[in-house]
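Structure, as structure tokens:
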């Protein structure tokens, strides 16, 4: 006989839950290692508008990096996993760590380049408007007689129905019931 079934005691249930939890941790750890292998050494390029001395207008945050990683690799990475001491505020190349687990920390290279300024569209010079020649008159539209619209006949409003009351009810005021007075006992 194989002893495959156990009684559902508290001890047996807790052992089964612990075993399932350990199997889940091993599976999750293997997935994280695979994800770390895919991320390690990846290069992500972000563009931002910059001013004097390569200072960025605004900043690049961990949310921006996570979004770009998701777009570039198709892998979903939580912005809270990206270790960024402070937001990036200058153009350049940075190495950013992504903490997937306690001991699984792949590094990604983030390159911030200057966004090309939008090309300004030059407006054509305004040409002088010439008044239309008097010889050419626009053709007049033929005037059509206006058709009178028929208005639907208004329905007669019926007066609201009053609640039916009997003459006795109208004359009688409401009587309040009096409670009998309590008798006091004197001794």
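Just so you know, glycine gets a Cβ as well, placed from its N, Cα and C.
Since this is a predicted model, take the numbers as computed values, not measurements.
According to TrEMBL, the feature compositional bias 'Basic residues' maps to 120-132 (among others).
What TrEMBL lists as compositional bias 'Basic and acidic residues' is 133-146 (among others).
According to TrEMBL, the compositional bias 'Basic residues' annotation covers 147-161 (among others).
Feature annotation from TrEMBL assigns compositional bias 'Basic and acidic residues' to 162-173 (among others).
Residues or ranges marked as compositional bias 'Basic residues' in TrEMBL: 174-187 (among others).
According to TrEMBL, the feature domain 'Large ribosomal subunit protein bL9 C-terminal' maps to 33-113. Summarising model confidence by region, the domain 'Large ribosomal subunit protein bL9 C-terminal' (33-113) averages a pLDDT of 89.
Positions annotated as region 'Disordered' by TrEMBL: 113-187.
Counting residues per DSSP class in helix, strand and coil order gives 25 helix, 32 strand, 24 coil for the domain 'Large ribosomal subunit protein bL9 C-terminal' (33-113).
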